[in-house]
Amino acid sequence: MDWGNVTAEDLIDALREVDWSSPPRPLSEFFSRFTVPKSSAKWNSRLKCNLYYYRTNYFLMIVLILGLGFLRRPLAIAAALLTAVSIAFLNDSFAGTFSEKVTRTVRQFSPHLAAKMRPPFTPVIRGRPSAKRAIYICGRPRWMFVLMFSSVSFILWYVSCGLLTVLWAVAIGLLATILHASFRTPNLKARLNTFREEFRAVWRNYSEL
């Protein structure tokens, strides 16, 4: 795959739709080999490839940096976790998995309530949904959960007075992510993983025809 032809919008859409439940890559692989890209085109391709392949590692690294910055601010830690969850809700796979696990847990105590948490039925016409598939969490539109978690996290940020700290922590985390993605040499696993995701995308488009 030529990552140089992948736009930022395509990368964001792929990160939104891909499964984030996979475990992070081992540290021995994450810190394995670093080289300087030979050209700006090589750097652009390497950056996008590593951002996609090591996405879970980068997410955990940013969360860890945020946690270290808020050791003495428990409210700020809670705000950071709620912010991370609200961002994770934007990923289709995470939202679906979260909704399924919550509904399964509620079903053990109240099957009637769990039945109300099912997403609305979407009619299918000639093998295709009649409208673009909307994401629901516990029977409610996804944006409601994103708005709720974001609002609570904003209140906690304001109360804990940790907004400046989080800006520094996020800046350091993003800088560390960009530096690692720029100098980490993509290995064979990254390329094979890319080909596998390409095949899944092609197969999904083919099955929708």
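One-based numbering along the chain as shown.
For all residues, glycine too, the Cβ spot is worked out from N, Cα and C.
What TrEMBL records for 52-71 (among others) is transmembrane segment.
The transmembrane segment annotation in TrEMBL covers 77-98 (among others).
Tertiary proximity for the transmembrane segment (143-160) is limited to same-chain residues at least six positions away from its ends with a CB under 8 Å from its CB atoms, namely 73, 75-76, 78-80, 82-83, 85-86, 89-90, 95, 137, 166. Marked as transmembrane segment by TrEMBL: 143-160 (among others).
Listed as Cβ neighbours of the transmembrane segment (166-183) (distance under 8 Å, sequence separation of 6 or more from its ends, same chain) are residues 30, 34-37, 43, 46-47, 50-51, 54, 58, 61-62, 65-66, 68-70, 76, 79-80, 157. Positions annotated as transmembrane segment by TrEMBL: 166-183 (among others).
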